[in-house]
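A.B. asks: One structure coming up, written as structure tokens, with questions to follow.
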Amino acid sequence: MGIQGGSVLFGLLLVLAVFCHSGNSLQCYSCPLPTMESMECTASTNCTSNLDSCLIAKAGSGVYYRCWKFDDCSFKRISNQLSETQLKYHCCKKNLCNVKEVLENGGTTLSKKTILLLVTPFLAAAWSRHP
């Protein structure tokens, strides 16, 4: 890789590092008690550093909203913590992402950061091949 290709790669990595750095804590919807299915939780909180994702879990007619540790985002851990035997859940890592629509749609969305992380190596490889 020539000096120009290395400079371009360094520039891309620098932009990526600045873009992905987040100095603020994650913000999630959080209600101390489960809300009725027909209602939304509108209270938000800044999560502590050890709780790195937002959780929404539907169990029966109640919906739980809170900060959650992403590594603990499994049926077993969530059902044990919430004392629920049947639930549908979703964990996410974007501010205020724990909304009922993610449970209703059942899909996982890619964030802009994820897309940038996936595209950057291809762009760097393409630019390094230019003479």
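Glycine too: its Cβ is placed from the backbone N, Cα and C atoms.
Note that the structure is predicted; figures quoted are calculated from it, not measured.
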A.B. asks: Mind checking which of CYS67, CYS73 has the disulfide with CYS91 in Swiss-Prot?
C.D. replies: CYS73
A.B. asks: Have a look at Swiss-Prot and say which candidate in CYS20, CYS41 forms the disulphide with CYS31.
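C.D. replies: That record, Swiss-Prot, gives the partner as CYS41.
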A.B. asks: Determine, on the basis of Swiss-Prot, the cysteine among CYS28, CYS47 paired with CYS54 in a disulphide.
C.D. replies: CYS28
A.B. asks: Taking the Cβ of CYS73 (disulfide bond) as the reference point, list residues of the same chain whose Cβ is under 8 angstroms away and which are at least six residues distant in sequence.
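C.D. replies: Once residues fewer than 6 apart are set aside, CYS73 (disulfide bond) is near SER53, LEU55, TYR89, CYS91.
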A.B. asks: What Cα-Cα separation, expressed in whole Å, is found between CYS97 (disulfide bond) and ASN105 (GPI-anchor amidated asparagine)?
C.D. replies: 13
